[in-house]
Amino acid sequence: MASDSGNQGTLCTLEFAVQMTCQSCVDAVRKSLQGVAGVQDVEVHLEDQMVLVHTTLPSQEVQALLEGTGRQAVLKGMGSGQLQNLGAAVAILGGPGTVQGVVRFLQLTPERCLIEGTIDGLEPGLHGLHVHQYGDLTNNCNSCGNHFNPDGASHGGPQDSDRHRGDLGNVRADADGRAIFRMEDEQLKVWDVIGRSLIIDEGEDDLGRGGHPLSKITGNSGERLACGIIARSAGLFQNPKQICSCDGLTIWEERGRPIAGKGRKESAQPPAHL
């Protein structure tokens, strides 16, 4: 697996919809990514309001750079250098507490899967991240079953050959409680985890080396803080949607709103005084 973040790892392509209306918008977008470590190339298509970024950075970091120009940006798809789409998925994490996040999966090659995401509301430090057996949230995260482990192995670290297939190690939250990470895994496959769940834990995963009775079972990483079902998502150019057919919101109106529930219908801006 690669590092939590930075410019290491396999290059992938991020497809963003960006609000652009003129050539100065294009110039500002290009300038925002120019010379950034981990960004190899940028394609800006004004007519389609589309920006393609070839990068090794987490999508959240690229999106923040784009939105630093004062323009909204929405990630619409991810892809690898492969000619065919090998599969992509996403998990929206939530729970009874304040922890929430988005984690994406992209099958880079038949042997290598990219996992990247952003999780907020954590205590600073390391937190175990695991794929679990079931996509069942009827009892919050407690009904998701054990770590995904079709091989009957003991719990271990992501670089161990003998480990649960769902053992993704730890992600680190900063002083503000945010974890931004990008990692690659040679055991996990997108097609094996769709319909299962992803869980972020309260504490550090000891990677099976801690000597605690739970070390070889869960990594002794504590309570389950937040979870989400892993669902199939769009690869490159597979998401042409500009308006949601379910409620008529544009992709710009959706930005910053929940994907479901009462909060989705409430405007993020106060009504105009007419």
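From the backbone N, Cα and C atoms, a Cβ is placed for every residue, glycine too.
Over all protein chains present, the Cβ of Cys25 (Cu cation 1 binding site) has 18 other Cβ atoms lying within 10 Å. If you look up Swiss-Prot, you'll see Cys22, Cys25 marked as Cu cation 1 binding site, on the strength of a large-scale study or a structure entry.
In the three-state DSSP scheme, His164 (Zn(2+) binding site) falls into the coil class. Sequence annotations record features per position, and here Swiss-Prot assigns Zn(2+) binding site to His147, His155, His164, Asp167.
Among the features that Swiss-Prot reports, Cu cation 2 binding site is placed at Cys244, Cys246.
Of all Cβ atoms in the shown protein chains, 22 besides its own fall within 10 Å of the Cβ of Lys76 (ubiquitin cross-link). Look at Swiss-Prot and you will find Lys76 (among others) tagged as ubiquitin cross-link, backed by experimental evidence.
In this structure, Lys189 (ubiquitin cross-link) belongs to neither helix nor strand by DSSP; it is coil. The ubiquitin cross-link feature in Swiss-Prot is assigned to Lys189 (among others).
The Cβ neighbour count for Lys216 (ubiquitin cross-link), using a 10 Å radius over every protein chain in view, is 17. As annotated by Swiss-Prot, ubiquitin cross-link applies to Lys216 (among others), with the evidence given as experimental evidence.
Residues annotated as ubiquitin cross-link in Swiss-Prot, with experimental evidence given as evidence: Lys241 (among others).
Under 8 Å, Cβ to Cβ, and six or more positions away along its own chain, Cys141 (disulfide bond) finds Gly95, Ser197, Ile199, Arg224, Leu225, Ala226, Cys227. Taken residue by residue with DSSP, Cys141 (disulfide bond) is part of a strand. Residues annotated as disulfide bond in Swiss-Prot, with experimental evidence given as evidence: Cys141-Cys227.
As annotated by Swiss-Prot, domain 'HMA' applies to 11-74.
What Swiss-Prot lists as phosphoserine is Ser267, and the listing cites a large-scale study or a structure entry.
Marked as region 'Superoxide dismutase-like' by Swiss-Prot: 88-234.
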For Lys189 (ubiquitin cross-link), the number of other Cβ atoms found within 10 Å of its own Cβ: 18
Site with most surrounding Cβ atoms, counting all protein chains shown within 10 Å, from the recorded positions Cys22, Cys227: Cys227
Three-state composition of the domain 'HMA' (11-74), taking helix and strand from DSSP: 20 helix, 22 strand, 22 coil
Taken over the region 'Superoxide dismutase-like' (88-234), the model's mean pLDDT: 97
